Each structure stands twice: as structure tokens, then as C-alpha cells.
Amino acid sequence: MKAVYPGSFDPITYGHLDIVNRALKIFEELWIVVMSNPRKSPVFTVEERVEMISDLVKKEPNVHVDSYQGLLVDYLRSRNIKVVIRGLRAVTDFQYELEMAIANKSMCKEFETVFLMTDERFSFLSSGLVREVASMGGDVTKWVPPNVAEALEKLRSKGKQFML
């Protein structure tokens, strides 16, 4: 069975990768889909995020990385995928994710959302926190893979403003 793990991944963190690894224990094939979110001002372009994630999962033959702008249900239909994976850190995540799952289900009854609890080591971690700490020159290497930490430092050294 195939599943989609959608998100903005701006940037991808070890918390996201924990969800990827655990989803692979349940599903035969996983599509990580970088979604364009009009409510967010990303630090990295969609293409940069796809490239960073692709580098991280290149040794996983059953993981594919893609991008999409539009409704998630349309992407699922186009790939004939019926399951969405969502990671949860806390109760506050659950409220938002539940609303999204219900909205997706109302648009297409055949789709299911599977919630995976984030490992407790990453329960505090968010892309926003990573961006905030990195923008001030802080060490984020415990929270993101080396290629992501390097990309963040490169942006900071060029004076790019990180939107929080």
C-alpha cells in the first residue's frame, strides 16, 4: 500500500524524518510531497526543499519526493493513493490535523488519514523553531541533517531574512 506524507518541510527536520522512517514500517511505498502553502512565506523554494529531501532519502528505494501546488485530494487522486500520513507532536497539532483530515474526507470519502505520534525526542521541534534559531546564528545540527544546516547557514551568511 502507498501513502503520502505532505508538508511544507521548510526545512525538513529530524522529526519529519522520524515520521518517514516509521511510516515505512507500515507502508510499502511513501511519497513525500512538498506542498506550496499560500499562508506561509518559505525560506527555501519548493525546488530547494525537494532537492534537500531527495538527498536525504536517496538510499530508500520505496520513498519518492515530489511537489504539488493545489488540493492534496487532487494529488492523491492523480497518484491513486488513498492514505495520508500526518505527524503529531502535541494536542495542539491534533486539532488542526483533525480539521484537515475531516475536510479531506468530506472532499473524497475513500481517503484516510493516519496519525503518527512524533518520537518524544522531537516533540518540541518545528521547522519554525529551526528557522528562528538558525536566523540568529544558533546551532541547529541536533535538529536537522547536515545538508539542511549548511543550507540555513548559507542563507544566514548572505543576510537573507528568515520569515518566522
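Glycine residues also receive a Cβ, built from the backbone N, Cα and C atoms like all the rest.
Listed in Swiss-Prot for this protein:
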- S8, F9, H16, G87, L88, R89, E97, F122, S123, F124, L125, S126, S127, G128: ATP binding site (BINDING)
- S8, K40, L72, R86: substrate binding site (BINDING)
- H16: site 'Transition state stabilizer' (SITE)
Within 10 Å of R86 (substrate binding site) (Cα basis), scanning binding-site residues S8, S123, L125, S127, I find none
Cβ atoms other than its own within 10 Å of the Cβ of E97 (ATP binding site), all chains, total 16
Report the largest Cα to Cα distance, in Å and rounded to a whole number, among the residues S8, F9, H16, G87, L88, R89, E97, F122, S123, F124, L125, S126, S127, G128 that the record lists as binding ATP.
18
Rounded to a whole number, how many Å is the Cα of L125 (ATP binding site) away from the Cα of K40 (substrate binding site)?
18
Min neighbour Cβ count (10 Å) across binding-site residues S123, S127 flags S123
Among H16, K40, R86, the binding-site residues in question, whose Cβ has the most other Cβ atoms within 10 Å in this structure?
H16
My understanding is the cutoff is Cβ-Cβ under 8 Å with a sequence separation of 6 or more in the same chain; which residues meet that for L72 (substrate binding site)?
V4, P6, V33, M35, V84, N104
To see if you understand the setup: which same-chain residues, six or more apart in sequence, place their Cβ under 8 Å from that of L88 (ATP binding site)?
F94, E97, F115, L116, M117, T118
